[in-house]
């Protein structure tokens, strides 16, 4: 029984070592694409921001305190 446990532990250790070697490549995430829409003075209108960005070929827009940012390219 004891040899069976030692053998099982050995197999788990070997499997873990092999998996660790295969996953040496660093994980990289693609950068989010954000494009500034036309500069608007004053407050940003969310509906207008979305509409302008969709017309330009993006998924939508996000209003910030200063301007509208288009997010996600459809192409």
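Here the Cβ of each residue, glycine as well, is placed from N, Cα and C on the backbone.
Annotation source Swiss-Prot lists disulfide bond at 44-63 (among others), citing sequence analysis. Long-range Cβ contacts of residue 44 (disulfide bond) within its own chain (separation 6+, distance under 8 Å): 63, 64, 65, 66, 67, 68. According to DSSP, residue 44 (disulfide bond) sits in a coil region rather than a helix or strand.
What Swiss-Prot lists as disulfide bond is 49-68 (among others), and the listing cites similarity to another entry. Every protein chain shown contributes to the tally, and the Cβ of residue 49 (disulfide bond) ends up with 22 other Cβ atoms within 10 Å.
According to Swiss-Prot, the feature disulfide bond maps to 53-70 (among others).
Residues of the same chain that lie 6 or more positions beyond the ends of the signal peptide (1-20) place no CB under 8 Å from a CB of it. Feature annotation from Swiss-Prot assigns signal peptide to 1-20.
Taking the Cα atom of each, residue 49 (disulfide bond) and residue 70 (disulfide bond) are about 8 angstrom apart.
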